Amino acid sequence: GDVSEKHGGGPAVPEKAVRFSFTVMSVTVQAEGEEEAVTIFQEQKPNSELSCRPLCLMFVDESDHEMLTAILGPVVAERRAMKESRLILSIGGLLRSFRFYFRGTGYDEKMVREMEGLEASGSTYVCTLCDSTRAEASQNMVLHSITRSHEENLERYEIWRTNPFSESADELRDRVKGVSAKPFMETQPTLDALHCDIGNATEFYKIFQDEIGEMYLKTNPNREERRRWRSALDKQLRKKMKLKPVMRMNGNYARRLMTREAIEVVCELVPSEERRKALRELMELYLQMKPVWRSTCPAKDCPDQLCRYSFNSQRFAELLSTTFKYRYDGKITNYLHKTLAHVPEIVERDGSIGAWASEGNESGNKLFRRFRKMNARQSKIFELED
């Protein structure tokens, strides 16, 4: 987590720190001669800071790749050693053998791209799970399957490094699909539910502004106009929902913004009834889809939404590419692409997305800042009345 010093009385150290933490998700026992393993422990609250144990705290900037890899190198080496060997312990006079399975999840997209050697998130290669480009993802919003993996990224890096077919830079980049650094740590190709929430709420926030300004009728409004729309939206949300504008979208704001209550409040500012209807439908579909990637166990918590997910996401994509075409012509945000295209496949494979999300880690960051008296990224500017 970024813990830049603001006005804490901390020691003079480099100003950024990274916490690297782990959670024991489950423990299973396989009795001799038995086919099935029995689960004896399953983490009930995988997203609590209580189950998120720091493995190391280091003063380093997460974007300083050389430094980060140097510090985490030993962790990767230990992991590799633990994965490939068996630990034999004597428990109550009996020898027991243990195996470890590691899953790199709960990283936000920036960290996944960093670890897996992909280009940064503004890249034309929009996804960390498939090879789609941004233009393709905006044309075909739903039908993609997960193709990227750590091994493949390593192979592609080798191709990038050696350029065996003596191609031009552009051809080469297209061949390796944006893998241009050495993948360093294996991550499970999945989706970070918390940042998915935040990314999609940011997107809806922008759609709300555009709809208030009737963007679908205009060609290119100037900055002054856009500022007026945003200001109108902020005022309305503050007045009706007591939602203070924030500098950078955060989880709490995102959760409050993505509600039926919020859409009604926004619709009061949208002039045309037809557009209001489209906005309501968009939000309704989103609220149907959201529990699937938020809940710890979707098959148990929201089986109906899980069954309808693909259908809902197709309708959602249809709305975006017709009614909201002005926004999604040739471009789409990374998390929106993942929400529409990859959720069912991940849930089918892992049983859950929400369980592997990064809230526990974020709460840990918050505590860490708190203990170090560092109030990072908290701007007081917005608390003044506008």
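A Cβ is built for glycine as well, from the same backbone N, Cα and C atoms used for every other residue.
So that you can see what the record holds, here are the features copied from TrEMBL:
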DOMAIN    1-123  domain 'V(D)J recombination-activating protein 1 RNase H'
DOMAIN    125-187  domain 'V(D)J recombination-activating protein 1 ZnC2'
DOMAIN    189-351  domain 'V(D)J recombination-activating protein 1 ZnH2'
DOMAIN    359-386  domain 'V(D)J recombination-activating protein 1 C-terminal'
Worksheet item: Residue counts in helix (H, G, I), strand (E, B) and coil for the domain 'V(D)J recombination-activating protein 1 RNase H' (1-123), per DSSP?
Response: 30 helix, 31 strand, 62 coil
Practice prompt. Could you tell me the mean pLDDT over the domain 'V(D)J recombination-activating protein 1 ZnC2' (125-187), as a whole number?
Written response: 96
